[in-house]
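Visitor: Can you keep this structure in mind? I'll have questions shortly.
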Amino acid sequence: MATRFPKFSQDLAQDPTTRRIWYGIATAHDFESHDGMTEESLYQKLFATHFGHLAIIFLWSSGNLFHIAWQGNFEQWVSNPTGVVPIAHAIWDPHFGKGAVEAFTPEGGAGPVNAAYSGLYYLYYTLGMRFNSDLYQGSIFLMVLATVFLIAGWLHLQPRFRPSLAWFKNAESRLNHHLSALFGVSSLAFAGHMIHVAIPAARGQRVDWSNFLNTLPHPAGLAPFFTGNWGVYADPQAGPPILTFIGGLNPATGTLWLTDIAHHHLAIAVIFIIAGHMYRTNFGIGHSIKEILDAHKGPLTGEGHRGLYDTINNSLHFQLGLALASLGVVTSLVAQHTYALPAYFYMPQDHTTMAALYTHHQYIAGFLMVGAFAHGAIFFVRDYDPKANENNVLARMLEHKEALISHLSWVSLFLGFHTLGLYVHNDVMLAFGRPEDQLLIEPVFAQFVQVQSGKIIEGIPALFGGPGVTAPGEFLTGWLGSVNANNSPIFLPIGPGDFLVHHAIALGLHTTTLILVKGALDARGSKLMPDKKDFGFAFPCDGPGRGGTCDISAWDAFYLAVFWMLNTIGWVTFYWHWKWISIWGDNVAQFNASSTYLMGWLRDYLWANSAPLIGGYSPSGGTNALSVWAWMFLFGHLVWATGFMFLIAWRGYWQELIETLVWAHERTPLANLVRWKDKPVAMSIVQGRLVGLAHFTIGYILTYAAFLIASTAALYPNGPAAFTPAISAEQAKGVLSEFKAKPVPGGVMLLLPENIVFDFDKSSVKLDADPALNRVVGVIQFYGSEPVEILGHTDSLGEDAYNQKLSEERASAVKAFFEKKGIEAERLTAKGYGETKPVAPNAKPDGSDNPDGRQQNRRVEILIKTEVVPVS
């Protein structure tokens, strides 16, 4: 006889209604509530799932490696990392028509592909991989490892290999293992890989299994390591540096120094391996965590930390809450470090990938943090023992929870009214034609902190640190240069717009925290319902008969906090994205001017950057490489809006809807073959909220993901069929004005100064010239099929023949760039004039050199042969 779902609850399995399905899904992972579950079997099952989880991670990583090696273009990309678009995998989709196949097929490609925005190419390259064979080997290794871990998970569920409860409760041994083995040894292994493989690869030396054992990374061997003389490894006189303490970013790559990264991981390894031997285990030596906690009593803390050892050690929810909070903070830091201190070669030049990774990690951090508070609330309901925690810090926190909640409430109200008040005031001033009367507040405290960390800002003193204050030699040699370099990502220039959005984000963070803290601290009881813990609050939330009980459980706080968390992460990512596309596009002035009022955010960030999504596909315009994101943008809105149907409509509506749907289904021929035996009942309020929250969340993130990737890829094309959106006449006028365009006989002439496009005396287009040239591409596309001449010019220094050749090569390089962006080759002509057509004197009247004049003469001119010149 088949066992009805759910097997873990006989009560639910015998329920004759559809509640059986919904409650079964809702409690599938609530192992504590399952039939026959003991504390020991609970720990054993969770332990086994860890192996399964790791196996899935290894399998996922293996699949990434395998598909890039099989269907990607890794070796081609390695040969030109800034010029070749990385490919994630091929697309085999029977729904694709001719237009889609062409749009997603790169030039010279065999078929449609997906561009990679994951950053994996940059990771693999930085790790020292250079060939597809390296990727295949890594994939096979991880596949084997996944298999081993699956077997290990199964093995630890067998009676002979199940660890005992005492083994799980041995906190000191577990901590030693985590510190030494997991953190320490894994950091040591990574440092070893960096030193033996990645650093030599960056220097052009290949180290693989064939020469790994006989290729020394440093002539001094291990003697300096074990004698503590690590400085030898940084000394260029002693050999190629492998461990350094330079600081900042390598100016040649814009990323962290690999030798600094190796040093960091080796130091972490040593510290953690030592730390993992501090606690008392089998040998009776070392620290006892319980003794430390019991002895730790600070002022005004009552019994201090007495009782916390057993409270934490006996509560999986407490442990999970701590782990989720820690991981949430780390994940948000990863997002910040990805752009401020990037580690992977060439990734800072891939703007779409940088935007995707930042946003991805901030959203994950948000969910982890909300989860931390959710499990904190469950701890208070299920695991908290008031007698074991009398007058300790945990009990005292519960006793003064009203002070915590009221202070958070005050901070949230203050931030909300003042921040919104400033924004609205500025909107009113602009709407009434008085922009000069905006309230613009400089973030002087933040700028002061930047200066104390080494940044030089005129007018702000370095009182506690920085050049001239910190003792010579205390700053890392590379740090000051990196912090103060042009377009340094470490400390961005900030102004009134940053000040306002910073406080808007602070509002979101404090309000989210208020809801979560109140939900957790009130989980056992509140003024309204002091004995709340005695009522269970299972999923139905149809109440134990008291009014309002559906809105005061910890679950409801979690539910409401998710909306605020999403708002907050939305503001964070909006801010990051707009700030960075203005920096990449050398258009910081627009951000500074428009970010101080709400209409500026709506118009100049959201609406202006929606163009590639709104015009993503049409009967007349056809399909392009961003069409799928335009479709996803629409679909995300649909999912998000569906959420409101669940969130606003209540029980009576659901009862009618579900019964109507079931009645209709039961009268179809197919449904009569397999009769639906469960009696339909409406969802509970909580279930309706859960479904609504899921739709709202997924739609919200999907909509912004599509917007983020398509808008960034359109500005900085990094797709197999680069798409630059058509621009309006007004936008074309702005670009023409930016490049000092002027009407000339036969058309309009744009001026590209040398310093925007080329390095001095070079003919290859600079990496950071993309944004400027992309705007020119938009203007060329605006003019449809009009022919374009690209004219190169130099100054008079050097031989005539050399200058002629340089001017021709520069014109050809710009022509090649335009072709790569989709401008038809037959429209483009490249010509070089050398020094023959100066626009300013190369020498002053007295015969001396005229550097300003020579700089004006080193230029590329774009002549669009048209009669329509939208220049004011």
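From the backbone N, Cα and C atoms, a Cβ is placed for every residue, glycine too.
It should be emphasised that the depicted structure is a prediction, and the values quoted were computed from it without experimental measurement.
OK, Swiss-Prot features for this one:
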{"type": "BINDING", "residues": "Cys541, Cys550", "note": "[4Fe-4S] cluster binding site"}
{"type": "BINDING", "residues": "Met645, Tyr653", "note": "chlorophyll a B3 binding site"}
{"type": "BINDING", "residues": "Trp654", "note": "phylloquinone binding site"}
{"type": "DOMAIN", "residues": "745-868", "note": "domain 'OmpA-like'"}
{"type": "REGION", "residues": "1-717", "note": "region 'Photosystem I P700 chlorophyll a apoprotein A2'"}
{"type": "REGION", "residues": "829-861", "note": "region 'Disordered'"}
{"type": "TRANSMEM", "residues": "46-69", "note": "transmembrane segment"}
{"type": "TRANSMEM", "residues": "135-158", "note": "transmembrane segment"}
{"type": "TRANSMEM", "residues": "175-199", "note": "transmembrane segment"}
{"type": "TRANSMEM", "residues": "261-279", "note": "transmembrane segment"}
{"type": "TRANSMEM", "residues": "316-339", "note": "transmembrane segment"}
{"type": "TRANSMEM", "residues": "355-381", "note": "transmembrane segment"}
{"type": "TRANSMEM", "residues": "403-425", "note": "transmembrane segment"}
{"type": "TRANSMEM", "residues": "499-517", "note": "transmembrane segment"}
{"type": "TRANSMEM", "residues": "557-578", "note": "transmembrane segment"}
{"type": "TRANSMEM", "residues": "626-648", "note": "transmembrane segment"}
{"type": "TRANSMEM", "residues": "690-710", "note": "transmembrane segment"}
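How buried are these features, and what lies next to them?
Guide: In sequence order, Gly692 are the residues of the chain that are 6 or more apart from Met645 (chlorophyll a B3 binding site) and have a CB within less than 8 Å of its CB. DSSP classifies Met645 (chlorophyll a B3 binding site) as helix under the three-state reduction.
Per-residue pLDDT, averaged across the domain 'OmpA-like' (745-868), gives 85.
Here the region 'Disordered' (829-861) has Cβ contacts under 8 Å with residues 749-755, 757, 787-797, 800, 803-812, 814-815 of the same chain, all six or more residues outside its ends.
Through the fold, the transmembrane segment (46-69) approaches residues 31, 87-89, 116, 118, 120-121, 124, 132-133, 135-136, 138-140, 142-143, 145-147, 149-150, 152-154, 156-157, 163, 168, 316 of its own chain, all at least 6 residues removed from its boundaries and within a Cβ separation under 8 Å.
Long-range Cβ contacts of the transmembrane segment (135-158) within its own chain (Cβ-Cβ under 8 Å, at least 6 residues beyond either end) map to 44-45, 47-52, 54-56, 58-59, 61-63, 65-66, 68-69, 74, 124, 129.
Long-range contacts of the transmembrane segment (175-199) within the same chain: residues 126-128, 207-208, 212, 215, 217-218, 240, 242-243, 258-259, 261-262, 265-266, 268-273, 275-279, 281, 289, each at least 6 residues beyond the stretch ends and with a Cβ under 8 Å from a Cβ of the stretch.
Non-local neighbours of the transmembrane segment (316-339) in the same chain are 42-43, 46, 348, 354, 357-362, 364-366, 368-369, 371-376, 378-379, 382-383, 489, 576, 580; each lies 6+ residues outside the stretch with a CB under 8 Å from one of its CB atoms.
Below 8 angstroms of C-beta separation, residues 397, 438-439, 441, 500, 503-504, 506-507, 510-511, 513-514, 517-518, 521, 596-598 of the same chain, each at least six residues beyond the ends of the transmembrane segment (403-425), sit close to that stretch.
Away from its own ends, the transmembrane segment (499-517) comes close to residues 370, 373, 401, 404-405, 408-409, 411-412, 415-416, 418-419, 422-423, 441-443, 446, 557-558, 560-561, 564-565, 567-568, 571-572, 575, 595-596 of its chain (Cβ-Cβ under 8 Å, at least six residues beyond either end).
Within its own chain, the transmembrane segment (557-578) has Cβ neighbours under 8 Å at 339, 355, 358-359, 362-363, 365-367, 369-370, 373-374, 377, 498, 501, 504-505, 508-509, 511-512, 515-516, 518-520, 522, 591, 595, 601, 605-606, 689-690, 693, 696-697, 700-701, 704, 708, 711-712, counting only residues six or more beyond its boundaries.
Listed as Cβ neighbours of the transmembrane segment (626-648) (distance under 8 Å, sequence separation of 6 or more from its ends, same chain) are residues 100, 103, 612-617, 688-689, 691-707, 709-710, 713-714, 719, 723.
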Visitor: Can you work out which residues elsewhere in the same chain, 6+ from the ends of the transmembrane segment (355-381), have a Cβ less than 8 Å from its Cβ atoms?
Guide: 117-119, 315, 317-318, 320-322, 324-325, 327-329, 331-332, 334-335, 338-339, 398, 512, 516-517, 519-521, 523-524, 533, 537, 554, 557-558, 561-562, 565-566, 568-569, 572-573, 576-577, 580, 701, 704-705, 708-709, 712
Visitor: According to DSSP, how is the region 'Disordered' (829-861) divided among helix, strand and coil residues?
Guide: 7 helix, 9 strand, 17 coil
Visitor: Could you give me the DSSP helix, strand and coil counts for the domain 'OmpA-like' (745-868)?
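Guide: Within the domain 'OmpA-like' (745-868) the tally stands at 51 helix, 28 strand, 45 coil.
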